[in-house]
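Notes to accompany the following structure.
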Amino acid sequence: MAKFMTPVIQDNPSGWGPCAVPEQFRDMPYQPFSKGDRLGKVADWTGATYQDKRYTNKYSSQFGGGSQYAYFHEEDETSFQLVDTARTQKTAYQRNRMRFAQRNLRRDKDRRNMVQFNLQTLPKSAKQKERERIRLQKKFQKQFGVRQKWDQKSQKPRDSSVEVRSDWEVKEEMDFPQLMKMRYLEVSEPQDIECCGALEYYDKAFDRITTRSEKPLRSIKRIFHTVTTTDDPVIRKLAKTQGNVFATDAILATLMSCTRSVYSWDIVVQRVGSKLFFDKRDNSDFDLLTVSETANEPPQDEGNSFNSPRNLAMEATYINHNFSQQCLRMGRERYNFPNPNPFVEDDMDKNEIASVAYRYRRWKLGDDIDLIVRCEHDGVMTGANGEVSFINIKTLNEWDSRHCNGVDWRQKLDSQRGAVIATELKNNSYKLARWTCCALLAGSEYLKLGYVSRYHVKDSSRHVILGTQQFKPNEFASQINLSVENAWGILRCVIDICMKLEEGKYLILKDPNKQVIRVYSLPDGTFSSEEDEEDEEEEEEEEEEEET
């Protein structure tokens, strides 16, 4: 017969649970656990982390804290992968940057301590002399910019406008400090030889445009002729009977204001008998307008970025062409010069030709130089009494006010226009000097400047007109510190150097990274159309070889 067996009850007078571990469970490891815990968690995010160690174990739970029941996967070679842990190489200007900075700071501190120690040991008169020497040294460094800035960004070397070949010989070298000292006063009054073309009248409604009444810039499809000197039929005709130096206003303005230039440029010089012709290369970037060229930190974007120097130059040229035509009364009455435009064919529509007039002028530079220049006007303007004034129309464009220490035109143009023009003079000194020289050579009464900005900072295809400003070329030249005597002195110096050369073709090249211009002698056939075709064929062959 079954009977009830009373179990053994362990009495624990001091707490709960059994008093001792049974024999069968004595050597078995134990870990506090919860039925809600997963076995072998990849990462345990349940444990709270406390910054203060006083609360590390006070509110934490022991459940899930051990790894006795965790599942570990055995080594599986199929899931093995190589990981590239090589350190990326730093660029040259970043390498040891902080170490050099600390070294420079430590050196400056030691130098100051040494100066202070020397001052303490010197007598009173010697102290005054030492302080005066230090003051003059700081003044010199401030004036001439001999200050070492360890955090200053390194400027990358700029490319030359044309590749200098090994068979080119340097005939002359002129540095900018030398050219800035040139002066020439024996310049005769200009004489008009021939005037060609037709001009449209300026629309004075553009003078009333403000930042609050901005006007969109329209794309106007008109033909602009940028004919070089030797391709000009009028200059060819005049060269048979008069003159011994021939050029265009853009080429002469480049030479006359060259001491302000930063980027590389080049001009072809042809010595034919006793005559001198200044030309530009075909398919060159000579006519592109630079942007922020003379800024402390000019744009340095590369590739297809719309803020790269070349794309900014193309954008500025596009804006300048469109604004110079949009601000005129297009399709209405024109001011006609005695002779027609020499570059327009008979079957071309006159409305498709840009408003431009050419004035061929003659200067006497001493007794031996007879200079003939083709100058340009962009428009004509009538005064209060009906008098006619010829004007040159140019455009300043804002691409991003956050760069080159710029100011926001939409905020400052109406109230602080002086600050805007001062900033532009600092960032585009060379371009403004070229425009001023062109206006002075052409004899224009006024120089019209348009202020055009992007519709959006990151959109280089749409622009708006924010305002205009008018200057007299002579007054503007003095305002931007452009010395006319120095400009003529530089030109006379270049002409004298080229006149001493033998017959042939030469190249005036601005060094891309130095304040120097050099005169190279070129072999026969350089920059000819046949040579350009051969270069293009070689480039195509190289591209085909790379593709294959």
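In case you wondered, yes, glycine gets a Cβ from its N, Cα and C as well.
A quick note: this is a predicted structure, and the numbers were derived from the prediction, not measured.
Positions annotated as N6-acetyllysine by Swiss-Prot: K53.
The phosphoserine annotation in Swiss-Prot covers S161 (among others) and is backed by similarity to another entry. When other Cβ atoms within 10 Å of the Cβ of S161 (phosphoserine) are tallied across all protein chains shown, the result is 17. The DSSP secondary structure for S161 (phosphoserine) is coil.
When DSSP labels each residue, the region 'RNA gate' (285-299) comes out as 0 helix, 0 strand, 15 coil, counted as helix, strand and coil in that order. Sequence annotations record features per position, and here Swiss-Prot assigns region 'RNA gate' to 285-299 based on similarity to another entry.
The region 'Disordered' annotation in Swiss-Prot covers 523-548.
According to Swiss-Prot, the feature phosphoserine maps to S528 (among others), an assignment based on a large-scale study or a structure entry. Residues near S528 (phosphoserine) in space but far in sequence (CB under 8 A, at least 6 apart, same chain): none are found. In the three-state DSSP assignment, the secondary structure recorded for S528 (phosphoserine) is coil.
Under the heading compositional bias 'Acidic residues', Swiss-Prot lists 529-548.
Among the features that Swiss-Prot reports, phosphoserine is placed at S529 (among others).
Confidence over the region 'RNA gate' (285-299), given as mean pLDDT on the 0 to 100 scale, stands at 90.
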